[in-house]
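Here is the structure we will look at.
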Amino acid sequence: MGQKINPLGFRLGTTQSHHSLWFAKPKNYCEGLQEDQKIRNFIKNYIKKNIRISSGVEGIARIEIQKRIDLIQVIIYIGFPKLLLENRPRRIEELQMNVQKELNCVNRKINIAITRITNPYGHPNILAEFIAGQLKNRVSFRKAMKKAIELTEQADTKGIQVQIAGRLDGKEIARAEWIREGRVPLQTIGAKIDYCSYTVRTIYGVLGIKIWIFVDEKK
């Protein structure tokens, strides 16, 4: 059997960059990682609770964290910032205060910035959320996959592969189904491929969604 490496880790330093930028002593390293995870989870939960989203898509592509001695800079790359920024200054301040309270950090300031991304459906995380929303609403998995591919084609990408695994359409035996459109060169390190794996709970059990999007090739 072929062993499949994570496409993001495989390309770190060439076409992919780290989402956390900071240094720590080896003994404090695990604390830093846990803190990052806490920040990311808190922001995602906050957005889920405070924004009424009809499509079920929160629209977070990624959250970057940069740390200095006295400052934690968090950049949220979001596809639909209007939902979050309807009364912008108050909401961002509220989020900053809540994160600071959650982390219980006295001598470090937290600064949260929001960056809008063009072509939100060209990002696998947002696309996976869209598919998850469709599956929760009992839309057929094939229909959800095809709709996702249509959305990606509008975002001007070179190729996409979508895989859904689990009890598809409530069948008793779990299986994996996938669909590919265009080129997805997973073995080419110079190819910029965005990847996401996402878990969704449905009434039939847990389904796993994996998405590979071929964005561009490094010349």
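The backbone N, Cα and C atoms fix where each Cβ goes, and this holds for glycine too.
According to Swiss-Prot, the protein carries these features:
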| type | residues | note |
| --- | --- | --- |
| DOMAIN | 47-118 | domain 'KH type-2' |
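Under DSSP, the residues of the domain 'KH type-2' (47-118) split into helix, strand and coil as follows: 24 helix, 24 strand, 24 coil. Per-residue pLDDT, averaged along the domain 'KH type-2' (47-118), amounts to 81 for this model.
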